[in-house]
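Listed in Swiss-Prot:
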type     : residues                                                                                                      : note
BINDING  : Asn7, Glu388                                                                                                  : Mg(2+) binding site
BINDING  : Lys14, His213, Leu214, Gly215, Asn216, Gly217, Asp287, Met288, Arg289, Gly335, Ile336, Gly337, Glu338, Asn339 : ATP binding site
BINDING  : Arg97                                                                                                         : substrate binding site
ACT_SITE : Asp154                                                                                                        : active site, proton donor/acceptor
SITE     : His185                                                                                                        : site 'Transition state stabilizer'
SITE     : Arg246                                                                                                        : site 'Transition state stabilizer'
Amino acid sequence: MNILVVNAGSSSLKSSLFLTVEGRVEATPIWQAQVDFTYKPGEALIQTRRRGGGWEPFPSASPEGGIGQLAPLFQSLWQGEGSLLPQAAEIGGVGHRVVHGGSLYRQPTLITPEVERAIEQLIPLAPAHNPAALAGIRLLRQLLPGIPQVAVFDTAFHQQMPLAAALYPLPYAWAEQGIRRYGFHGINHEHCARRAAEILNRPLEELRLITCHLGNGCSLAAIRGGRSVDTTMGYTPLEGLMMGSRSGSVDPGILIHQLRQGMSVDELDRILNRESGLKGVSGLSSDMRVVLEAMEAGHARAELAFELFVHRLRSQIGAMLMSLDRLDALVFSGGIGENSAPVRAAACADLGFLGIQIDPVLNAGSPRNCDISTSDAPVRVLVISAQEDWAIATACQNLLQGE
């Protein structure tokens, strides 16, 4: 059986096809696709690749048509010359990443009309992402009628946080209206926790972990016994750490001040989400690689952006530690977490008093799914590849098999 994964965002789409062998999902997909709807005015960039091959162009689409026009991309899996599958029925299930499931969904869920309506009702909490997920769900239902579809929610992993971690110190009536901390990146935080247990060869139930998902979006999670007990993102993915173009947490009084100065709500939203973070401070880019290159060339604001990013990261690592009774491992994942040795080194600098000490040689050696601590460090530091699509496929497979 094959599992198709669809990860639809506001301006992009990623998809993977995984083969299952003896009930287990293979780690490497046999087919991948990526769509960038912002590639050029009036043109989307579509690329596909098969296992072992490179990316190849697929006939372009118009950005205005959105996800609904991507039927030929998915149909190419079972139709036409060179198709991978003899028929559409070879796909046994479709797994969708859904960013926001609110407090309703704590685990992967078979998509029914009721679930679809709930995802639609949650659009105000994820206006950039839930509509894209719905478009993907509806397109694949049209292309693969009768094939079960599963929603895997980015918020689900955090829904068992203690109320003290989940609620804001605001009027309780607001919490009753659903204004609370939901957390995000849960699919990868949970994957990292399970993978850490494998690397450390210890039962997940006994581990105390802090997982750092650092990419264009960034969040941390404190994980005790495989369960999230705290996280840095909240009601929206805007809370918490400094990110690529998002501000992270700021004094709400600043926002009130700007509104009183005449800034519109839409403009404030745009600045906080798209013009802040690394991009806003450096004045250069939301890409940490660009910031590091500029810093090495002596760019003062790039250096400031890096230092601010690291300061806030270290501060929140400390905050996550307070939700645990000890720390067994600190885990780095995501585009920055996996690929930026300078960020890992700076984040862990002078933390020997906590038992954290990384080996500079191991840290600099492009580590993947391994331990980069010194041999005698009480707390292990791991680098784990984010494999959200595989995690979604596995969750889909387990649900369909009744595990």
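Note: Cβ is positioned from N, Cα and C throughout, glycine not excepted.
Annotated features taken from Swiss-Prot, shown on the structure.
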residue: Lys14; record: ATP binding site; Cβ contacts under 8 Å, 6 or more apart: Asn7, Gln32, Ala33, Gln34, Val35, Asp389
residue: Arg97; record: substrate binding site; Cβ contacts under 8 Å, 6 or more apart: Val5, Val6, Asn7, Ala8, Ala133, Val152, Asp154, Ile187, Glu388, Ile392
residue: His185; record: site 'Transition state stabilizer'; Cβ contacts under 8 Å, 6 or more apart: Asp154, His213, Gly217, Ser219, Ala221, Met233
residue: Asn216; record: ATP binding site; Cβ contacts under 8 Å, 6 or more apart: Met243, Gly244, Ser245, Ser286, Gly335
residue: Arg246; record: site 'Transition state stabilizer'; Cβ contacts under 8 Å, 6 or more apart: Gly217, Pro237, Leu238, Leu272, Asn273, Arg274, Ser276, Gly277
residue: Asp287; record: ATP binding site; Cβ contacts under 8 Å, 6 or more apart: Gly244, Leu278
residue: Arg289; record: ATP binding site; Cβ contacts under 8 Å, 6 or more apart: Asn339, Ser340
residue: Ile336; record: ATP binding site; Cβ contacts under 8 Å, 6 or more apart: Leu214, Gly215, Cys218, Met288, Val343
residue: Glu338; record: ATP binding site; Cβ contacts under 8 Å, 6 or more apart: Phe332, Arg368, Val383, Ile384, Ser385, Ala386
- Item | Secondary structure of Glu338 (ATP binding site) (DSSP, helix/strand/coil) | helix
- Message: Between all pairs in Lys14, His213, Leu214, Gly215, Asn216, Gly217, Asp287, Met288, Arg289, Gly335, Ile336, Gly337, Glu338, Asn339 (listed as ATP binders), what's the biggest Cα distance, rounded to the nearest Å?
- Response: 22
- Hey, what's the Cβ neighbour count for Leu214 (ATP binding site) at 10 Å? 28
- Pick the one among the recorded positions Asp154, Glu388 whose Cβ has the fewest other Cβ atoms within 10 Å in this structure. Glu388
- State the three-class DSSP label for His185 (site 'Transition state stabilizer'), counting H, G and I as helix, E and B as strand, and everything else as coil. coil
